[in-house]
Amino acid sequence: MSTRSVSSSSYRRMFGGPGTASRPSSTRSYVTTSTRTYSLGSALRPTTSRTLYTSSPGGVYATRSSAVRLRSGVPGVRLLQDSVDFSLADAINTEFKNTRTNEKVELQELNDRFANYIDKVRFLEQQNKILLAELEQLKGQGKSRLGDLYEEEMRELRRQVDQLTNDKARVEVERDNLAEDIMRLREKLQEEMLQREEAESTLQSFRQDVDNASLARLDLERKVESLQEEIAFLKKLHDEEIQELQAQIQEQHVQIDMDVSKPDLTAALRDVRQQYESVAAKNLQEAEEWYKSKFADLSEAANRNNDALRQAKQESNEYRRQVQTLTCEVDALKGTNESLERQMREMEENFSVEAANYQDTIGRLQDEIQNMKEEMARHLREYQDLLNVKMALDIEIATYRKLLEGEESRISLPLPNFSSLNLRETNLDSLPLVDTHSKRTLLIKTVETRDGQVINETSQHHDDLE
């Protein structure tokens with residue numbers, strides 16, 4: 001006759017032996033066996049009753065029990081009180097006490113491990129609280145500090161962008177005004193150039209008139225000289241003719257005086273001389289008057305042409321001076337326009353560089369914000385994982401508590417006193433035969449989590465008959 005006692009702990013299934021690290025699992029099974037039932041046959045033989053505890057996140061239990069089948073090898077045998085061997089009870093009690101002692105030692109070890117496990121859970125809870133406090137502090141400080149810095153820098157960037165935009169608009173307005181001034185000056189320059197060309201053409205025509213007048217004056221001077229020479233020649237010829245006539249008259253007068261009493265020719269000659277002199281004086285006076293009138297006309301035309309030429313020269317000099325002044329102004333405006341365009345290009349380049357720097361700063365701040373968000377999300381995931389671990393640990397603690405309460409209730413049950421066992425005479429033929437059937441109902445509940453979120457949950461029922 002032998003008694004078998006098998007005891008296993010869910011803590012070992014969960015965490016291994018004394019030197020094995022704890023690894024949580026999503027499905028946990030707990031098996032505890034103990035000697036609780038006895039069957040009567042030809043001799044008193046203990047049988048075992050197994051209780052299977054299967055825990056899942058919902059805490060479901062399945063039991064398997066062995067019924068007692070009473071059989072007798074010899075029909076009609078009677079069990080009498082005198083045929084019972086009470087020494088067997090002492091052996092059973094001794095072995096039961098040893099088993100209880102072993103169970104107490106194992107329960108003490110389990111209690112020590114459970115205390116260590118609770119200390120670890122408390123330490124993890126403290127770490128969880130510290131992480132939560134750090135997370136809240138990071139949320140508060142990071143949001144306020146980075147938000148204020150980001151807003152302040154964005155306001156400064158917007159202010160600088162607005163200032164640069166205003167400067168750019170002002171420079172563009174100045175550039176447009178300068179372009180309009182340049183266009184107006186160019187139009188004025190074109191008009192002045194046209195007027196200059198007209199003045200030059202007028203001056204050229206005046207020069208042609210002056211040349212013509214000079215030629216006419218020279219021609220008139222030559223004519224005057226020729227007329228003077230002709231007058232001198234005619235006068236000389238007239239004088240010679242007069243002398244010849246006088247000589248002839250004297251010769252005739254002498255001859256007449258000598259020959260006959262001649263008429264008085266002196267008066268006739270005097271009259272002829274007077275006539276010729278009057279005609280010569282008249283011709284000379286007319287020639288002088290014509291010459292003087294022509295000379296006066298030519299002098300007046302020359303003076304008029306000289307005045308026009310002088311005025312044209314003055315206008316040409318004035319136009320030339322205006323052209324030089326406008327050319328200097330155009331050159332100065334071109335230099336100013338080039339300097340303004342260069343400044344505008346430099347400002348555009350500086351604005352582009354500053355805008356690129358601001359964009360880089362904004363991108364860097366956004367990356368920092370994204371990193372902070374990712375870090376916060378990581379802390380939240382760790383916190384959720386810790387919460388899941390805590391929930392699993394709470395479930396295991398509750399399971400341990402139920403197991404301990406079951407063990408305590410089982411230990412507190414009174415033991416049967418075999419010395420006072422009263423056996424009655426029983427006819428084994430009249431006892432019904434009870435077959436031993438074991439029914440096992442197993443509920444498997446599987447929960448899959450990812451990043452602290454339940455993504456799948458399944459439940460399975462299994463009914464086995466043995």
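One is the number of the first residue shown, and numbering goes on along the chain from there.
Glycine is treated like the rest: Cβ placed from N, Cα and C.
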Annotated motif '[IL]-x-C-x-x-[DE] motif' segment (source Swiss-Prot; candidates 258-261, 326-329, 394-397): 326-329
Within the region 'Coil 1A' (96-131), residues counted as helix, strand or coil by DSSP: 36 helix, 0 strand, 0 coil
Tally of DSSP helical, extended and coil residues in the region 'Coil 1B' (154-245): 92 helix, 0 strand, 0 coil
Among Lys139, Lys223, Lys294, Lys313, Lys373, which are recorded as recorded sites, the nearest neighbour of Phe351 (site 'Stutter') by Cα: Lys373
DSSP three-state assignment (helix, strand or coil) for Lys313 (SUMO2 cross-link): helix
Cα distance (Å, whole number) from Lys294 (SUMO2 cross-link) to Ser226 (phosphoserine): 15
